Amino acid sequence: MESIVSSASSTVAEYTFGVIKRGIGYIIYVDSNVQDLKEQVGKLEDARERVQHSVDRAIRNAEKIEADVHKCKKAVDEAHAISELLEQGKFDKVSYSPPIEGIVTKGYKAFESRTTTLKGIMEALKESSVRIVGIYGMAGVGKTTLAKEEVAARVKEEHLFDEFAMTTVTHNPDIRKIQGEIGDMLGLHYEKETVSGRAMELRERLKTNKRILIVLDDLWQKLDLEEVGISFEDQAAKGSSIAGCKILLTSRRFDVLCIMRAEKSFKVEILSQEESMILFAKTVGDISGDYECRANELVKKCEGLPVAILAIANALKGKDLTSWDDALLQLRRSNPSNIEGMQKNVYSTIELSYKWLRNEEAQSLFLICGLHPQSFDIPVFDLLQYSFGLDLLEGIYTMEEARKRIDALVHKLKDSSLLLEGKGYEWVKMHDLIRDVSISIASKNKGMWVIRDANHLKELLKKGNLNGCTAISLPHSNMADLSDVDCSNLELLMLLNKDPSFRVSETFFKDMYKLKVLSVTGMSFPYSLPSSFRSLTNLQTLRLCECELSEIAIVEKLKKLDMLSFQGSTITELPIEIAQLTQLKLLDLSECSKLEVIPENVLAKLYRLEELRAGNSFREWNVGGNARLEELNNLSSLSALDVSIPDARIMPKEDLFLRKLERYKIVIGEFHERSIFITKSKASKALQLELDIGDGLDKGMEMLIKHAEELRIEGLKGAKDMSFELLDTDGFPHLKYLTIREQGSSEINWIINSMSMRLAPRKVFPALETMVLYGLCNLDKICHGKFIKTESLSHLTTVTIHSCDRLKNLFPFSIARNFNQLQQITVDDCENITEIVAGERKEDNDENDTLEFCCLKSLQLINLPNFKSFYPQVTTASSSSNHNNTESKPIPLFNPKVSCPALETLKVEGCHKLKSVFTSSIVKSFVQLEDLVVSDCDEMEEVIQGILGGEERISSCISLFPKLDSLDLVDLPKLRRFCSGTDISIEFTSLRYLRIRGCRGLSTFHLNSTNVVGKSSGNISLDQPQHLFDEKVSCPALETMRVKECHKLKYVFISSMVKSFVQLKTLEVFYCDELEEVIQGILGEEERISSCISLFPKLDSLELKYLPKLGSTNVVGKSSSNISLDQSQHLFHEKVSCPALETLRVEKCHKLKCVFSSSTVKSFVQLKELDVTYCDELQEVIQGVLGEERISSFISLFPKLIYLRLVQLPKLRMFCSGTDISIEFTSLRYLYIWSCRGLSTFHLNSTNIVGKSSGNISLDQPQHLFNEKVLCPALEILKVLELHKLKYVFISSTVKSFVQLKELEVSFCDELEEVIQGVLGEERISSFISLFPKLGSLGLNKLPKLKRFCSGTDISIEFTSLRYLRIWDCSGLSTFHLNSTDVVGKSSGNISLDQPQHLFHEKVSCPALETLRVMGCHKLKCVFSSSMVKSFVQLKELVVSDCVEMEEAIQGVLGEEERISSCISLFPKLDSLNLDKLPKLRSTNVAGKSSGNISLDQPQHLFHEKISCPVLEELFLWNCDKLKCVFTSSTVKSFVQLKTLEIYRCDEMEEVIQGGDDDDDDEISFPQLNILELKHLPKLESFCSSENYNFGFPSLQTVLVYECPEMKTFSRGHSNTPMLHKVTLNLSLDEGPWEGNLNHTIQQLFREKPVCGKTRDFLFLSDVSSSNEDGHGGFLTTGMKQSTLTIFEDSQQTMASWVLSEYGLRPFPIIIFYSKPLPSIPSNTNNNGLKVRTLPGSSPFKVSTWCRKRSFVGSLNVSAHLKVVETINGVEEEEDDGGFDLVVPPLFNLADIDVFDFFLQFGH
């Protein structure tokens, strides 16, 4: 700073004063009045000091010093120069405040408080397992903005979804509206009218393979997604939700998101004080000086709520200090508002904005907006009708005047942030918080009320609040009567209804004599309007919108009506009585699609009518006795017209009414639907035409076309161009928007044809702003001929050309050079387009031929296969001879003759003839470019052609595209590089996002041509570099980088330049086959400042996938003398640190042997997610021995790690190892280890093997996953699958540390013996242990050697929170918990530790267990012991299956300990019981039995008479061969809730209910039983054999009796089945017989049964084998298309008919179910093809894992030409010698029934 002013002895002085305060431009001005040079020289020292102080203060405040201050550094020696310098030194200020960073024009989205939330949302949306994401927070905090602007923008930017849809749900969800808004955004046009029908259509639309994001905004309660039409069913079948749709929810309430099952939810926080100040200052302007302290306090009162900040800032904008003080005073004294859930000060903030409107009209309009429903799109035209009808607009007499006033008021309310933009320019919305305040103000001060429902009405009446009310709004409140309300002063009544069945009373409008405005929406008046309408004699505005109307003639009584609207209603005829409403200014019949009759001369009598709206409505003009268009000539005041006219020929010859129109929207022609373009147009005069001008145009049509601001033409006939002969003298002077669209053939050759102009050249389309040309298949040129004035089209801003295949260019040079306002060009699917601007041959002395599009911001060129250049090089006469020499040179998209200095977005896609986009000489002119996309261009070789820096050497560094934010290079197979330069450095200053994908020929991003100087082409190629970036490339702002499918790359970065990527946050490198290192070279060679290098200091996400040659990221400090470059096979060397890394995913990097080294792992302190999968050579995650430094005996490893996943790592031995060191994963919540077959322990304590020789011990000796040295105090989910060396998961001494564990799954571990090794309770602190106190789900699957879960010494264990327990295929399991005291003293010779054969005994308690599934546990004889069964009070579902030794569910004598009741309520909450394949099952238990008088084997009924299951709803009994009956007559009466009873293949079953010995008649009732199925019961004779009982089945609707050959009758007593009308006999549930009652029907069936006895529609494999041996195997090929033969594996015979009935598989020709190799199948089936598929993914089956490869097909003896014709649901196939190895998902989570793995289907 000494250079700013000189010393006193020098002749240089700088004289400036400035005091800078923190804020925006707070300056104190200082003037030094210098009169004479000589007298003032002595004051230079003092001036120097003062200036220096000001400058220092400015610098401390982060302000910049003005340029003129710096200029004073120049010294002059002369005395007069000092005087001159002093004059220059009179600075008003020495600094300026730089622009506030982080502000964006759309609001507050750039604030840091939003960044983390947005990042989380985007990551959640990317996760394939997450389907529903939620956003919640207080009202007005910005949830909708975040979803609508930020998330939508990021989704589009990252191409995460193909489509995006958003709808607002509100607290009164309108399903039809929700469906409509989603459909609109997805381009879905519904055919059905009902909600359910539209839901089906939407569901089908979402089944496409497109990725769709649907935002459901503002949820208040649960929304039935199925009712809307959103379903995840298909996605579940596919196993992935990334294909299909995802849902983003916003709600004020977190509990709503929970109810909606949002997998991840994110809270939007309020703004910080600093962010709030920035937002406030951005809105209100300068807040320096005395305003600053007041601004701070005002912003604090807003409490960080953006909507409140904007409202108060707009209220105070431009006001003086007194107003600010008054505002503060009002805020300090405010009373708490009654806005639900909001802080008390927010109310006063918004109320203040209302007061500061200082305009009664604006305030009234604001209060009217608040009467609309929440989140309602309010048509501005509706506000006009309300305001006009209420006489709110002073001095306004006409509709046009009212429209302009309303527009001004709406604009004012928007500027004050009290209204928001609606769904289009004609709609507005009110934020829900501001609406609440508006309602409060209106009710308190104006007597205007919104009544929610009848209860709210009662409350208001009780308090007397409605006395004298002036306005009432009833939004969906369904109140049929207001007789208790004092309506004597009521002026405004709004009724909004969505219930079509709701009706108001006939007297509803009684006593509303002062009513001026009545608005009724969605109401049904099927007969006539209520008679009380007659009392509305003062009504001025009547709106009956979207109503079901019939007789409406009563409106003739409303003589004062100014405005009458039937918009969207179902009227079919306009009554003739309407003609009596002579005061009408507005008649709105728009969207009345059923209106067919307007009587003639009715309109003509409405002589004061100013506006007639009948768009998308009445079209029967001039038909029969209907109204004629000529009648409109009588309406002298008509100024606005919106009509649909079917034929131009009926337009009136007299055009008086047309001449007076100030605005119109007229559709002429037969269109299936109205153009969206014209409906949403901003033009005041819009015309849509289907026109044949072969016979010329009449004057009326000519005038409409001439004066139109928007013109849309479809089906134009009789014209080759738009220069109609009657119009070409004017050239469409008013036209702003032009759309010409053709669906089929088109006659148009040109848009402008100067050759047809009869006079001198003229301007054509001089005001045109938007031109859209679609499907003009014969269009040769847009401009034809040379007689077009250059001013033509000079106002164009947007040009869109689509599917115009004959068009070769857009504009000639002479026209294009005047495109000074052109902002957007989009050209799509035009096969022969070669250029945008046509090149024209010039004479040698012709004028400059350069083009500058100074305003062009967006250029999109899509699918233009012959496109060559934007504007080709123009040839001249002298250069034409050399044309052939230059023709072969590649032509770039842009050349030096074209300049687009404002271009922001450039997209080039599918332009296969382009070889480059820019030339090196012009690239510097694209200084505004922000987004660049180049994709799918087959011949693209480089983006920038030529050598940068070769022509001029001003600097050694070039800032390339200084504003480029996003760069996409996608599917460019011949791209070699982005650019090249001669020893020049290039910098992308602003680039944040870079994606390079599918550029297989790319070897480097920037080629430094000096590296190949002097090298011959014979031994070196320009493509030799194989690093993406070298030291000549800098991207200092790059945050996201994605590199995929670039197979020539060996490296991404080189070590010398990696430090320039300081902002990099996300790095992804996928599918680069040759990539060896991410960073090439030796890091740290140049500077040895530190021994550790911080690599990418902000990198928080790193993903490396499918990189088969990747060895490491880099080796730090290596030298060629002591280390081999290939030696390193760890991802991170010990000298590399990524301090901000949060997510690391490594997949299929087969050369890696480890990820971290022990010395560097401590630097990854931010790591939250670690995912290492499918790395064939990985041996350890952390290489080296932890704790060698011996600083501490304890290490906190990855302290923030939440998610750890290790999958398919066949050589992984351990996660890490240490020397007597304890490691803790402080934050780890999810751990998933799958298919790491070599893993024997998670952490190897190396001290355990000290001194042991390699000959007798291996490092893999430990066989427990966790030992005492591993702590995971936060672990919630642990899943362990396919770890075949593992014998134990935990050891008893450490299990107590896993206190947060909520879910545990151990599956497919062949050697696992115990989950917890060791004896629990050895410390003997207590006789009771709460094991895993938060464990909610436990799964033990396919563990053949598992003997028990744990063991203890006379210790009781309790699983306090366990709700779900599944044990499947653990054939060695004999008990869950072994009490070791039971076997003390017993010798190994006569007893085994496995002797107990009950799953649970009295030492185990699961008080919260709800679901228990036990399957394939062949050693178990019972599930519970009688002494502990009472602890399972919460059990709701019990499944026991395939336990061949199971004898009873409960062992022991129930009720021995306490005889409180003679009946025992077994599992009081059990509602589903499933028992399958239990061949030895006798009963659940026998109550009260003693071994002395009863044989344990005697009972053969399932439930004893003393047992009750009071809430049981489902009972399934399959393959329980020893059971003879299910119930006894005494106990069956307690099963009153039973709804489904299914008995299948119980060979000894004789009857369902065993009768008693009593003779008294009694009725047994099953009041809820709905389904009864009896299948394959060979000994069943009847449902009940006793004659003593009648049966009542009041709910029974389905009875299936199948293969019960001995069943002669249903029961001997009477059976009452009022809802049963058939008995089903087959598995497909077809219609069956009915003989009047159930008994007669069964008896008749027994009499009619075939003589042969059993029949079946399937065979077993044994049948197939025997038939083959007998030579009768031809059935496999004979008549296969008609056959319904099904073959089952013998071991699965019991499941055959169940499978057929459940899944409807009977129609398949031949199906083979099996779980082991099949016998030989005749070879003549080979030509039928092979299908492999899993069962349907829906309930009850769920695929959750994969099985190993098995060669099933080989066992079929098929020939080599067998062809796989279809694979479904994740099945993979690989050819091998004509056969196939199939990888098929096993049915891992069968609905607890082990049936089969999959099935093969032969045939078509």
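Yeah, the Cβs are placed from backbone N, Cα and C, and that goes for glycine too.
Annotated by TrEMBL as coiled coil, the relevant range among 34-75, 76-117, 160-201 is 34-75.
Residue counts for the domain 'Disease resistance protein At4g27190-like leucine-rich repeats' (1132-1241) by DSSP state, with H, G and I taken as helix and E and B as strand, are 3 helix, 41 strand, 66 coil. Here the domain 'Disease resistance protein At4g27190-like leucine-rich repeats' (896-1004) lies next to the domain 'Disease resistance protein At4g27190-like leucine-rich repeats' (1032-1111) in space: the count of CB pairs under 8 Å, restricted to residues six or more apart, reaches at least 3. Pairs of Cβ atoms less than 8 Å apart link the domain 'Disease resistance protein At4g27190-like leucine-rich repeats' (1132-1241) most often to 1272-1375, out of 709-831, 1272-1375, 1505-1609. Sorting the domain 'Disease resistance protein At4g27190-like leucine-rich repeats' (896-1004) by DSSP state (H, G, I as helix; E, B as strand; all else coil) yields 3 helix, 39 strand, 67 coil.
Across the coiled coil (34-75), the prediction's mean pLDDT works out to 53.
DSSP states for the domain 'Disease resistance protein At4g27190-like leucine-rich repeats' (1505-1609), grouped as helix (H, G, I), strand (E, B) and coil, give 3 helix, 40 strand, 62 coil.
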